[in-house]
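Asks: Dropping a structure here in structure tokens format, bear with me for questions.
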Amino acid sequence: MAGFQYTKVGGDSYTDNLIGTLLAILGNLLVSVAVCIQKYSHVTLAGTKDPRVFYRTKTWWCGLVLTALGEAANFVSYAFAPLSLISPLNAVSVIASSILGFVFLREKWKPKEFFKRYVLSFLGCILTIAGTYLFVTFGPNYHQKLNAKNIVTQVVGWPFLVYVLLEIITFCLLLYCYKQRNADYLVVILLLVALLGSVTVITVKAVAGMLVLSIQGTMQLHYPIFYVMFVCMVATVVFQATFLSQATHLYDSSMIACVNYIFSTSFAIVAGAIFYLEFFHMDILHICMYLLGYNLEFHVLVTRCHNAGIPTIHDKEWRAVQPDYNGSFSYGALVNNDSVVPVSLPTPDQLAGTVSPADTLYGTADLKND
């Protein structure tokens, strides 16, 4: 346990944890707003039959810039706070997306479904906030000095080597089942993503920590371990994106989001506990309260995504609709569209038939983008 140097709770440790937590919350909020803005851009183009592609609109680029800023804030947050605090805060994005979808995009459902979709969702958000408060309050509060020497010490330590060996064996077995046995189950694909993600968060925290330390005056960029961590970070991110892309071709996005959030966050917490020894100085009470918040948040998210009635593309009685465009560059909460009849998207039978050139611009490719 001699790899990292720790400081007492309070002082620099408390300040760093607070900065990291606030950056993670801000980053996830920006990403949620960005997704909403980009959705607005796609819907506007579809409603006006605008011949421009989505990346030629100002709103889409605004969403892209906000996404970049949000991800940058998330990246920097790893340099200040433990993984076990930062990773679960992705739930902020789930909550924010729900609120923005209701207020800005003005999702509409039948009156009999109001309690099921809105009241229960609101209670779910409240309980998720309570769970977030618990694991932020009772999570690890020790500051880690992420210089190159300490990182190398942990990389060659036996706990991490055993962990990596088990991960490699598990990953190879899952990959064999997925590729050779055609076991394209959602759990198998997202376990592959989560195993890669646990390496990603370790490398992201190491790279971010060494960059921040270098900016503060203690240069770390001339150590080989920095570039090793950087290459591993980029490689694992690319392969995660590949597996997630394959999952989206087979399963609903709502199901993918829930299962991936649970797996990725769980593996990230385990990776932080093993590599960065984040729970080493914690007492039993704090660990139990942290796990209570962890379980409360995850249970609510799973219940909300699967039992609260969120529609999926496989629901036979559900048909996606796009709002019509009423002549002004406005949508959702920006204008009262209650009297506008929504335009139904093409049915599978229509998509299989002859499509006109004008319809081709807004066919299945736009549906996938949305």
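Just so you know, glycine gets a Cβ as well, placed from its N, Cα and C.
Annotated transmembrane segment per TrEMBL: 18-38, 59-80, 86-105, 117-136, 156-178, 185-213, 225-244, 256-277, in sequence order.
Neighbours and distances for these, please.
Replies: Listed by sequence, the residues of this chain that lie at least six past the ends of the transmembrane segment (18-38) yet keep a Cβ under 8 A from its Cβ atoms are 54, 59-60, 62-67, 69-74, 76-82, 85-86, 89-90, 92-93, 96-97, 100-101, 104-105, 136.
Using a Cβ-Cβ cut-off under 8 Å and counting only residues 6 or more beyond its ends in the same chain, the transmembrane segment (156-178) has close neighbours at 3, 184, 188-189, 191-192, 195-196, 198-199, 271, 274-275.
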Asks: Near the transmembrane segment (225-244), which same-chain residues lie under 8 Å Cβ to Cβ, leaving out any that are not at least 6 residues past its ends?
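Replies: Here the qualifying positions are 148, 151-152, 155, 189-190, 192-193, 196-197, 199-200, 203-204, 206-207, 210, 256, 260.
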Asks: Which sequence-distant residues neighbour the transmembrane segment (185-213)? Criterion: at least 6 residues beyond either end, Cβ under 8 Å.
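Replies: Same-chain residues near the transmembrane segment (185-213) but 6 or more away: 75-76, 78-80, 83, 87, 144-148, 151, 164, 167, 170-171, 174-175, 177-178, 220-221, 223, 225-226, 229-230, 232-233, 236-237, 239-240, 243-244, 246-247, 250-251, 255-256, 259-260, 263-264, 266-268, 270-272, 275-276.
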